[in-house]
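**Q** Pasting the relevant annotations from TrEMBL:
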- 1-10: compositional bias 'Polar residues' (COMPBIAS)
- 11-64: compositional bias 'Low complexity' (COMPBIAS)
- 126-186: domain 'CBS' (DOMAIN)
- 193-250: domain 'CBS' (DOMAIN)
- 1-78: region 'Disordered' (REGION)
- 86-105: region 'Disordered' (REGION)
């Protein structure tokens, strides 16, 4: 009786439950078209009745649901774009910057430098042969330690009879961990501690060499010319400096020491200072038209004027009356100069 009484209550609007008989699981029979429409439930007092939904016209297609928005591609961070450029991939157009994701001036400068890696070659950044600090494989332990100490380097190329017979390089850490710089000379064999070096042609793009160094986990490469001779040396620091700028440590020479005015009209300069830089500092023009395309550095200019590598202490005169005193040189190259302008030479002669 209680089940029948509940049909008169509020739950009478619910659909009847399936009794689980023979028709269980079948779809309910369709309502005939002539069946009366159930009366609408009146809205509570004081509330507006909802507007009836407009019935679609006969044969009209229901409006299509809006297509879901395409997911935004993942944003490539700075280091991701840097990796793409190193691999030679064309970077995707940068998205609209949004606050923290926008690259700063330093990062933008790095990306510009990375694009230059495709045009720069190993010959553009290598240390020239004359500046390479190296040791023969027959070097004794005290001699090797002295070279490490004086050069400030942690890796040194090792060669046979000459530098054109490269064997690899030696790492300071290997020597320190094995001997502690206290072994007897006769117990030391440098050849046992030589690590293999990478070799690169001068025309190799520096981006390709950087990837090669990273994959091989080698920080030094020797530049070999077409005849098999050593042309120069490149370290991974030299390559990274093309991206992030100058990396200085306690062993780097201060730029102020590269070119400084010692007295009025007297300059002390590295032989590697470029001629236009010196001309700007001294306010003079050193290069005649016939040498303008052939000379880049002060050392090159002095070599052209002398026709050879001058000895230490030698003074080379310029056609305009300037004097170049060689402060430091070896048999192959000029290292440091004192330049006296013509006016300083004239004052000294008075």
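Cβ atoms are placed via backbone N, Cα and C, with glycine included.
TrEMBL: automatically predicted annotations, no manual curation.
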**Q** How many helix, strand and coil residues does the domain 'CBS' (126-186) contain under DSSP?
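**A** Computed counts for the domain 'CBS' (126-186) are 24 helix, 15 strand, 22 coil.
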**Q** When the pLDDT values for the domain 'CBS' (126-186) are averaged, what is the result?
**A** 86
**Q** Sort the residues of the domain 'CBS' (193-250) into helix, strand and coil with DSSP and give the three counts.
**A** 21 helix, 16 strand, 21 coil
